[in-house]
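Notes follow once the structure below has been shown.
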Amino acid sequence: MAFPPRRRLRLGPRGLPLLLSGLLLPLCRAFNLDVDSPAEYSGPEGSYFGFAVDFFVPSASSRMFLLVGAPKANTTQPGIVEGGQVLKCDWSSTRRCQPIEFDATGNRDYAKDDPLEFKSHQWFGASVRSKQDKILACAPLYHWRTEMKQEREPVGTCFLQDGTKTVEYAPCRSQDIDADGQGFCQGGFSIDFTKADRVLLGGPGSFYWQGQLISDQVAEIVSKYDPNVYSIKYNNQLATRTAQAIFDDSYLGYSVAVGDFNGDGIDDFVSGVPRAARTLGMVYIYDGKNMSSLYNFTGEQMAAYFGFSVAATDINGDDYADVFIGAPLFMDRGSDGKLQEVGQVSVSLQRASGDFQTTKLNGFEVFARFGSAIAPLGDLDQDGFNDIAIAAPYGGEDKKGIVYIFNGRSTGLNAVPSQILEGQWAARSMPPSFGYSMKGATDIDKNGYPDLIVGAFGVDRAILYRARPVITVNAGLEVYPSILNQDNKTCSLPGTALKVSCFNVRFCLKADGKGVLPRKLNFQVELLLDKLKQKGAIRRALFLYSRSPSHSKNMTISRGGLMQCEELIAYLRDESEFRDKLTPITIFMEYRLDYRTAADTTGLQPILNQFTPANISRQAHILLDCGEDNVCKPKLEVSVDSDQKKIYIGDDNPLTLIVKAQNQGEGAYEAELIVSIPLQADFIGVVRNNEALARLSCAFKTENQTRQVVCDLGNPMKAGTQLLAGLRFSVHQQSEMDTSVKFDLQIQSSNLFDKVSPVVSHKVDLAVLAAVEIRGVSSPDHVFLPIPNWEHKENPETEEDVGPVVQHIYELRNNGPSSFSKAMLHLQWPYKYNNNTLLYILHYDIDGPMNCTSDMEINPLRIKISSLQTTEKNDTVAGQGERDHLITKRDLALSEGDIHTLGCGVAQCLKIVCQVGRLDRGKSAILYVKSLLWTETFMNKENQNHSYSLKSSASFNVIEFPYKNLPIEDITNSTLVTTNVTWGIQPAPMPVPVWVIILAVLAGLLLLAVLVFVMYRMGFFKRVRPPQEEQEREQLQPHENGEGNSET
């Protein structure tokens, strides 16, 4: 029994997690697997063609093939349904696949109708491996039964083809039957070959699904084969044995791989055990000589299926095999903190001491099953380190599947994939499962680079991706002189006598690569001067002979030859043609391979090494008047003041900033004043009507959501420069939480050192100013008694039964500029005097954000309210004086002693309290109180022949503003509205005398006659015609005289 471990390695917190964000994926560039024209192979529909794949490289043949398992394919075996096949596909242009005949027979019987084995649905081809002339293919669901038992047992079987010999290999078809033995072994669930020509077979169902590994020599399998013997014993067999019950349902043999882990030169056995350790999962490494335990690895998350896939390869070039373990159901917490299934691959790097250092790669998509398959690729790009492929067969667009290519390096696996292969086939009845099976590390086209097969059994496909030869380019670029003196003009522009300052540009290429590559490589080289200048901007340097900032050149390089160079002359434009003298001039070189001419006979094109940049740049500097070091160091300063100390919220506040900018150091190039303005301010312009202020050129712009005013201060802003300028703003969009507005000012330049001034902030405080007024009016303002035809009624029902309508209107108006959010309005109404009613309130209305309540019942007698109103509710108070009253005034000679004033100091008053909501600038809230003059009171004998002044009063106080952090003063005021009641006779209007009317008409007629005479004397009534041709006059004249006819 080989289960007890020699050393257990738990993949816990000591590992170094490499958690990759999906944001890194767009950075992955396609490297050297050819994704543009892969070779695609297809099998019978529904056969699961592609469930297992491998290369087949017979040693005695120059041809190379692909092996593809189709475990649900039908065969020619008599009486067998979906027996399964392994197909051999020619990788060349024909791409034909032919089934390999391993077994042409049907089920064998003990006797007629007494079968020994059951080959239907046996899934032959579910696992396939090859080594030189040898092919091992298995059917893990093959069933058989002993003569004494009737139950079918899925022991599994395999067929081994060695050259021309084909033998059956069924190590689990033994006398150790039933579930406690090898009856449910499913031998061949996973398989592999060792370097020493041993086969390694996994049977995860043996011993109550503890699982089992079995290894036998190829030579002994072939030599001992006897078709008449069902259970063959092998002398040199290595196998794990049954263990304690605690190991039941572990699935040893679920996945297998081989590699040397103890340094004895013999391949050891690696197996995934995904349900071991209470479903944490384990991976066992057994000694390839005696099946003793070497190392164990334990997963860290239950049910992650740690060990679903395993692989072994030296990824970091230290000659020690490293272990890769897939856990496709691993769950990780997303950005929202919730667990989600992403899959994980553990990478355990073997050290010289036999220890392992483990890092982890998490998947990039949810439910993609990252780590379902892992395939060593060999040295895919020939950089000296092996590479590896990891599949996420249900990832990508529409779950078509993804395969990630990771490159090895000296420190281990590069955590960012260098290439991503995506499935291109839509799902049928099931997902395509692109990447569920993979095999690499074989150079099928013999170009010196290993290739990769990817299976997609859900669409019955297998895809061959060939590796493209990698070309490494060494590029050189030299600029001299690197300091350009504008005054040193030693070159002449061709065709002119104009002298210019020039410099040399020298560029070189060298190319080499491994594998099959052409001897000559063609490149297109692009040179660009002043690369960093944006498109459309003036480039400060041009090539001398083309007068262009760019240059193209085709260069043919000998592979592996010496560096090949060429040289060009460039010149500097005149300084009057550009502003930027400080920024270095970047000379940029880019090269591209002519892939078409570099392709091989099959059309496969090489590729440039992605780890070598395809461009190079150098810089040249313009000589400046900045001392010996050619480095200008300005000393920039800015100060600011404003013409306003306070800004009132809600007002259109004009604000002028007086800015002083100065440079006390060396020249500042492309100097600009940057004013960051708050959201509450808008830039109006520069003050230009003051001779003491500089008229700067300024513009408004938005950069990174920051609103700025940018003003040009000169190029350069010379030493000792002082500028005073005025900038005008309008501040009018303050929020309710603001207490001030802030402007940030800074001078910026393009200098390398001391390029900016300190930021200066200028704050202007905000203040609240609300001019709130209250005004009122009475309609009518005068009532004359007695009322014609009025009769007293004991129980009045209508308005006419009581008396005339009297309405008081109060308007609370905010003239701003600031708003208020709440105010209280208090109205006192003269209601009774000596128990006699004065003004009987029928109802009150409001217009605006206001709610009112009264301390007494309104209209307790339920007097019917007339639909005809003497005044309109929506009339403004200001318009009341312009309306004609129903009762007109007359001049009365009344002394103060004749008027009795009845206000709240004398009469009993009704109170109405109103809460007024928010009023912005220019808004009003209006209260309309409609009442009836209680005529009966004033018709009493003791009250007759007296005049009365009935006064209501209203007062308000603002109690709340929307501005939370600003000091606010109390705002209050009041007003009175008076209705006069007078005894007397209303004067009738005087009629206009008839003689006045006649005189007015005569005067009008006389004026009209004078106007007509004056206009006649001035020729106003004479008709003026434009000049006419003689013929036209002749035609028109008869008509003018009235003597013409109708003929023309």
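Using N, Cα and C of the backbone, Cβ positions are placed for all residues, glycine too.
Noted in Swiss-Prot for the protein shown:
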SIGNAL    1-30  signal peptide
TOPO_DOM  31-992  topological domain 'Extracellular'
DISULFID  Cys89-Cys97  disulfide bond
DISULFID  Cys138-Cys158  disulfide bond
DISULFID  Cys172-Cys185  disulfide bond
REPEAT    173-225  repeat 'FG-GAP 3'
REPEAT    237-291  repeat 'FG-GAP 4'
BINDING   Asp260, Asn262, Asp264, Ile266, Asp268  Ca(2+) 1 binding site
BINDING   Asp314, Asn316, Asp318, Tyr320, Asp322  Ca(2+) 2 binding site
REPEAT    358-415  repeat 'FG-GAP 6'
DISULFID  Cys491-Cys502  disulfide bond
DISULFID  Cys508-Cys565  disulfide bond
DISULFID  Cys626-Cys632  disulfide bond
DISULFID  Cys698-Cys711  disulfide bond
DISULFID  Cys904-Cys909  disulfide bond
MOTIF     1019-1023  motif 'GFFKR motif'
Shortest C-alpha distance to Asp260 (Ca(2+) 1 binding site) - which of the recorded positions Cys172, Asp322, Cys565: Asp322
Cys89 (disulfide bond) versus Asn262 (Ca(2+) 1 binding site) - Cα distance in angstrom: 37
Cα proximity to Asp264 (Ca(2+) 1 binding site), best match among recorded positions Cys172, Cys185, Asp314, Cys632: Asp314
Whole-number mean of pLDDT values that fall within the repeat 'FG-GAP 3' (173-225): 96
Long-range Cβ environment of Cys172 (disulfide bond), under 8 Å and at least 6 residues apart: Val155, Gly156, Gln182, Cys185, Gln186, Gly187, Gly203, Ser206, Gln212, Ile214
Lowest local Cβ density (other Cβ within 10 Å) among binding-site residues: Asp264, Asp314, Asp318, Asp322: Asp264
Spatial neighbours of Ile266 (Ca(2+) 1 binding site) that are distant in sequence (at least 6 apart) but have CB under 8 A: Thr194, Lys195, Ala196, Asp260, Gly288, Lys289
Shortest C-alpha distance to Asp314 (Ca(2+) 2 binding site) - which of the disulfide-bonded residues Cys97, Cys502, Cys508, Cys698, Cys904: Cys97
Integer Å distance between the CA atoms belonging to Asp322 (Ca(2+) 2 binding site) and Cys508 (disulfide bond): 41
Among Cys138, Cys502 [disulfide-bonded residues], residue with fewest other Cβ within 10 Å: Cys502
Chain-mates of Asp260, Asn262, Asp264, Ile266, Asp268 with C-beta within 8 Å of site centroid, Ca(2+) 1: Phe261, Gly263, Gly265, Asp267, Asp287, Gly288, Lys289
Near-site residues: Ca(2+) 2, ref Asp314, Asn316, Asp318, Tyr320, Asp322, CB cutoff 8 A to centroid: Ile315, Gly317, Asp319, Ala321, Leu349, Gln350
DSSP state at Asp314 (Ca(2+) 2 binding site), helix/strand/coil: coil
Where Cys185 (disulfide bond) sits in the secondary structure, as DSSP reduces it to three classes: coil
From recorded positions Cys158, Asp268, Asn316, Cys491, Cys626, the one whose Cα lies nearest Cys904 (disulfide bond): Cys626
Most Cβ neighbours inside 10 Å, all chains, among the disulfide-bonded residues Cys508, Cys565: Cys508
